[in-house]
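Reading through the C-alpha cells given below for one structure.
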Amino acid sequence: RMENTTSTYVLMERKTHVKINRKQVMLAKLRKSCSCTPQKLKIFLMDFLPVLRWLPKYKCKEYIWGDVMSGLVIGIILVPQAIAYSLLAGLKPIYSLYTSFFANIIYFLMGTSRHVSVGIFSLISLMVGQVVDRELLLAGFDLNDDASPALGDVSLLNDTQSNTTAFNLTIAGMNAECGKECYAIGIATALTFVAGVYQVLMGIFRLGFISMYLSEAVLDGFATGASLTILTAQVKYLIGIKIPRSQGHGMLVITWINILRNISQANICDVITSAICILVLVTAKELGDRYKHKLKFPLPTELVVIVVATLVSHYGKLNEVYASSVSGAIPTGFIPPKVPPFNLMLRVAVDALPLAIVSFVFTVSLSEMCAKKYAYSIKANQEMFAVGFCNIIPSFFHSFATSAALAKTLVKTSTGCQTQVSGVISAMVVLLVLLFLAPLFYSLQKCVLACIIIVSLRGALRKFRDVPSRYHMNKVDTFVWIVTMFASALISTEIGLLVGIVFSLLCVIVRTQRPRTALLGQIQDTNFYEDDLEYENLSSVPKVKIFRFEAPLYYANKDYFLKSLYRLTNLDPNLEVARRKKYEKKEKQHLKKGDHTTANGLGIGETTLQLVTKQTDFQALVVDCSSILFLDTTGVNTLKEILKDYKVLNISVLLACCNPSVIDSLKRGGYFGKDFGNMQEMLFYSIHNAVQFAKDQKLPADCSV
C-alpha cells in the first residue's frame, strides 16, 4: 500500500513475469557457443589476443615517446629488482631475468590493461621461495646458500663455485642427473605451471568472483605480514652472517633467534655496505617522492647503486679479502626449454592455489585502478587468462610465477606510458642483460640486493602508521588487518591468507548475527521516522511501536531478532500470556472459595483494569523491513511466530518497506494466508502508511485475553 497526497490508498500491483525455461536457454547458449563461423573465429581470436584489436590503431606519433620512455625506465628498474628478488625465491638470478622477459611479452599479447607492469613481484617470489625451500629440505638438500657443497648439490649450470660431481638423483619420480639448483627450478616451474592452469580454469568457469572474498583489509594485512617475513629473511644478508634458512610455521621468530645468537659473526664489510646502500636508497626515494611532480621520470637509483657497488666489490676484492658474499656467475643466453616435471606438480598442487588467487587478485585490482583513472575498461576474465598464460608458457622456459606489481605500475603511469608497447621495450632491456651484460654482475654483493628488497618494502611497512586512522574509520576492518598480518608473519603466508579470509567472513556473519536494532520515533511535522536513541526531538507514536532490524533475517540471527524485539518493546508476548493465565487461574480459585479479592489483594475489577492497561500499552507493531535484504525459511517462520503471538494479545503486526524478494518469501511461506486475502492489511509501502492504518484501527474498549 502507498499513501498519496490526498491520504487515499493506492494498491501497488506487481508485474507478472514470464517464466523462463532455463533448459531451453541453456541449450540455445550451448548451440550458439558450439557453432563455428569465420566471424566467430575472428572475434574469439581478437578477444583471446587483445593486441590484435588495439595495435593496428596505435597512434605512433602520439604514443611512441611515452611508451619508449616508460619502457626504458621500467626495464632499468626491472634488472636490479629481478636479481634481488631471486634471493626471495631461493633461485639463481638468471631465472628471475627469464621471468621478467617472458611475462612482459605475453602480457603485451593478452592483457587488456594499458598501464600495469606484469613481472616479478616480491610477495609472489616469497611464496615461491617458501615452497622451494620446503621441498629442498624434504629432499635432503642444505638450505644454507653459503654451506659447503654436499653430495648431490650440483648446479644446473655446473659453475665452478659449487660441487661439480653430479649423480643420479631419484626424488619424487625424477630420475636424472640433477642437483640442488636443478631440483629447485623444477619445483618452481611445476608450481608456476599448476598456478597458471588454476587461473585459466578459473577464467573458463568464470570464477573471478573468488577475489571478492579478499577484502582490502585482508590484502593489506597479508602484504604487511609477508613484508615482515621478507624483511626478516634478508637480515642475514644485510649483516653477512651464515645461518640456516628457516622453514615452516614460525619462521620469522626462529630466524630472529638465530640472528641474535650469531650476531657476533657479522661481516663488518657487509654491515658498512648495507648501511651506505640503505641510506642512499631511502634518501633518493624520499627526494623522489617529494619532487616527483618536477621529475619527468624517477631516478634509477637501484641501478646506480648496483653498478657502483659492483665496481667497488670487483676492484676492492671484497669477496676475497673480507669474505663478503657475492651473486656469483650469471650466465648469458637461454637454457633450452623443458617441460615442468609432472610428479612435482602433484606435490605442489595445494600450494599453487593461494599463489594463483593472490597473483590474479593483485593483477586485476591494479588493472581496474588504472582503467578507472584513465577512463577505459578492462575485461577481468581476460586478465585471468593473461596472467594464467604468463605463468603457464614461461614455466617451460625456467621461469617462476608472476603478477602485476604496484610500485612498477605507478612508475609506468608517471613516465607517460600509453600502451603495453612499453612492456616490449622493458623486455628488450632485460634481453640485453640476458644476452650480454649478465656476467658483469658477478661481484655484486648479496647485501646490496637485500638493501634493494628492504627499501622496496617501505610502502607495505608504512601501513603500521595507518592503524590509528584505520581504527577510527572501521574497528572491524582494523581487527581483520591485525589478525591477517600476524598470521601471515608468525605462521606462514598461505596460512595467514586463509586465516584472514576466514576471519573476515566470520566478522560479516557476526555483524549479521548481532546487527543494530532500534525503536523509531516520528520526526516532528513530517512523514519520516528515525532511531529514537540517535536523534533528538523525535515524538513517539501513541499505541504504535516501530521496530527496525538492520540485517537479513535468517537462521543465525532469529533468536537475536526476537530478544531485541521483546526488549525494546518491553513486552514478551509468551510471558505476558503466561502471566495472564496464571492470574486467571488464581482468580477462578478465589471465586470458587467465594472471595471477591484476587491473589494480589486487588478487586476483580481492579485486576481487569490492570490487565487492560498492560495490554493496551500499544495496539500495533510496525516492523520496518527496509534493511532486511532477504528471508530464509527460519526468517519467514519467525515473522509468522510473532504474528501469531501478538495476535493473542490483540496487537496487530504490520510490515513496512519490504523489498520484492522479501514479499515473495512471505507469500511462499504462507504469511498472508492461502489466498493472500489479508495482504492489504498486513503489508505497507511506507512506515507512515502503516502507522496511519494502525491509528485508524478501533479496538474494543474491554478487549482482553
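Using N, Cα and C of the backbone, Cβ positions are placed for all residues, glycine too.
According to TrEMBL, the feature transmembrane segment maps to 63-87, 116-132, 183-205, 217-239, 259-283, 344-364, 385-407, 427-457, 478-506. Sequence annotations record features per position, and here TrEMBL assigns domain 'STAS' to 534-694.
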- Message: Can you work out which residues elsewhere in the same chain, 6+ from the ends of the transmembrane segment (63-87), have a Cβ less than 8 Å from its Cβ atoms?
- Response: 93, 95-97, 99-100, 117, 119-122, 125, 233-234, 237, 296-298, 300, 302-303, 305-306, 327, 330, 408, 411-412, 415-419, 421-430, 433, 441, 444, 446, 449-450, 452-453, 456
- Which stretch from 116-132, 259-283, 385-407, 427-457 shares the most C-beta pairs under 8 Å with the transmembrane segment (183-205)? 385-407
- Averaging pLDDT over all residues of the domain 'STAS' (534-694) gives 84
- Message: I'm a bit unsure how to read this: which one of 116-132, 217-239, 259-283, 344-364, 427-457 has the highest number of Cβ pairs shorter than 8 Å with the transmembrane segment (385-407)?
- Response: 116-132
